[in-house]
Every structure is written in structure tokens, then in C-alpha cells.
């Protein structure tokens, strides 16, 4: 892709995100979401492969529908209350429509079907943007309207997301699809705590974005798109494979790694809110996700696969690990001891 064009699209992404997260008026928030959608489409379809074009078309249709629902929800609220302020979403029908619209934008169950397909048709770096940066504006809208949302509906969506994200990721062989279902599962954890402790949702999102960025950049550096390639990648970059193992276990939420911190705080807060059954259910359902993270980790490092693959073993390269991967993986593995400081901040 032309560097000038890429610069324009990345700048538009930053602009759209900034407009949405800093706006008080619904129309400005909607404008930011639209700029974001239009800026990411060329990045998804830049390879001109039929699957990439299909992914861009699916993404456009879903995001356009969700944006329409956001506008419809805010107009209905303004019609009844005379308020265009984002934090003043008081009409019950408007808050239900908005929950559906943002769930569609994020890929929460039952509006999740588009996300794995779009991620599978995108390059790894665009997949990283779709999994992290593109989720930030909708999550900030949920954060700003959290007082008006329906707790039962959000809890139901959250539990279903953790369940489906785990179940549907079990038999996948494509790494991008596994990361898509991982994203759906993590969004469930963010949604369940949103009403009770919104800042914890944001903390969870920041840590999730950091760990996902580390995994995507490592996979991109190793040029891995499916499990059979991952099985032979250890000869090419043994250090990266070892780092990937720890980052994946952190993403799964195992102590003493960073990913355990948000899960621990969310379970603690849910029990304080007398929602121990919901905490038990999502904790058990996250074991499904743990299985496919362990599968990825097993393929990456632990042992040679028991069956032969059709892939040639790759030559080891002396290319140094990029500083961004080094910093992100260090943070993804070692932030748990800072939890007392983080809990005082939030």
C-alpha cells in the first residue's frame, strides 16, 4: 500500500477514535465511529484477495447497521427527553437499542458472527487494530452510559460471550480465528462488570489490548497464520516462541502473570455485588478458553508435534526481537505485583 495512503488511514483512525472518546454529543460520537469504520476498510481489503474483500464488505455492513442503531437510539432518547448528551441516556427503549448497537460493534454474543470471519480475512496487523483500537470507542460509549444500561441484559450477554468465545475456539486451526474467539471471551469479562465498576472494565480493556498486541506482533514477526506453521516456527525463533508461551498463558489469566489481575479484581467485585453465581459461571467457562490457549502454547514451544506436518522446518534467523514486542511481552508477563498500586488508582 502507498505510504501516503496508509498515513491518511492511520491518521483518520486516530482522529475518529479521539472524536468519539472526547465527545459529549451523540452526533459527534456517531461521526467518530463512522470515520473509524471508513478508515479501517482499505486496511482490511489491501491485499485484494477475494477473502479480504469479503471481510471488508461484511465489516462495512455490520458497522453501518450498528452506527444506524446508535443514531436511532440517541434520536429516540432526544425525542422523549430533549437531551443529546451521551450521559443522559435515560429512556429504557433507547438504552436497550444502544446496548444492541454497541454489542454489534464490539462483537458480543449474539452479534459476534462477523468478527472471526473479518479477522480471518485481514492481515495480522489489521487484525490487531480490529481487536484493540477499533474496540476502544464503543467501550468508551458503554462506559459513559453505564448508569443507564440494563444489568440483566448485560450480564446475560457477558456470560454468553464467555461461553461462545470458549466453545467456538476449541476446534479452530487458524490462529486469527482463535484470537477472534479469545477477544469475544474477554469482552464478556468486560461487559459483566461494566455496570458495577466501570473503571475495572477500562483497566481490563487496557491490559487485554496490551497482551493481544504482544501476541499479534509476535505471530507477525514469526509469519504464523495457522497451527501447523506454528509447530515448525520454534526452529526459526526459539526466544520468540518461549515469550509467546508466557504471553498466551497471561492472556488465559493464569497467575502469577498480568492476565490474572483483571479476572481476580472482577471476581472480587462480583462477589461484593452478591453476584457470586455469575462469577462462578464465567470462571468455569473461561476454562474453555484456557484449553485453546494451552493448545497454542503447546504447538508453539513445549514439544514436537506427535504427527508429521507438511511444512519444512525453517532456518533460524539472527534477526533481533523488535523493542515493541520486548516491551509489550514484559508488561504482559510481569504487571501482577503492581496490582496494589493499580487498585488504588482505579
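Using N, Cα and C of the backbone, Cβ positions are placed for all residues, glycine too.
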If you check TrEMBL, which stretch out of 20-43, 92-115 is marked transmembrane segment?
92-115
Return the stretch with the most CB pairs under 8 A relative to the transmembrane segment (203-225), choosing among 92-115, 237-258, 325-345.
237-258
